[in-house]
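Below you'll find the structure, written out as C-alpha cells, and then a few comments.
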Amino acid sequence: MQLGTGLLLAAVLSLQLAAAEAIWCHQCTGFGGCSHGSRCLRDSTHCVTTATRVLSNTEDLPLVTKMCHIGCPDIPSLGLGPYVSIACCQTSLCNHD
C-alpha cells in the first residue's frame, strides 16, 4: 500500500514540475517568416504567430511576428489592423513556419 502511495505522490510531483517549466516559442519578426527559439516567461501559455500584409511591400510577403503570450490574443488587442492573421498553439516551438 505504501509503495502505491509513494508512486502516486511521485507522479503528482513530476506533473507539477512539468507544469511549472516555461514553454519555448520562436520569437522573431521577418518578411515571409522567421525562426529563433527561446524560452518564454513562466506565465506564457501560448506561442503566437501573426502575419500582416504590408500594402507597400513590393514582394507581397507578409510580415511575420512570432512571440510568447498569455492565452491566445484576439487581433484587435494586438492593434495590428485589418490585414492580419493569427495562429496560436500550446507546445514548445510549435509556432514554426
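Just so you know, glycine gets a Cβ as well, placed from its N, Cα and C.
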Going by the disulfide annotation in Swiss-Prot, which one of C25, C28 is bonded to C34?
C28
Based on Cα coordinates, which of the following disulfide-bonded residues are within 10 Å of C88 (disulfide bond): C25, C28, C34, C40?
none
Tell me, which disulfide-bonded residues from C28, C34, C40 are within 10 Å of C89 (disulfide bond) if we use the C-alpha atoms?
none
Report, in whole Å, the straight Cα-to-Cα distance of C40 (disulfide bond) from C47 (disulfide bond).
9
Just jot down the residues in the same chain as C94 (disulfide bond), at least 6 apart in sequence, with C-beta under 8 A of its C-beta; none if empty.
C25, C47
For the disulfide-bonded residues C34, C47, C68, C89, which Cβ has the most other Cβ atoms within 10 Å, all shown protein chains included?
C47
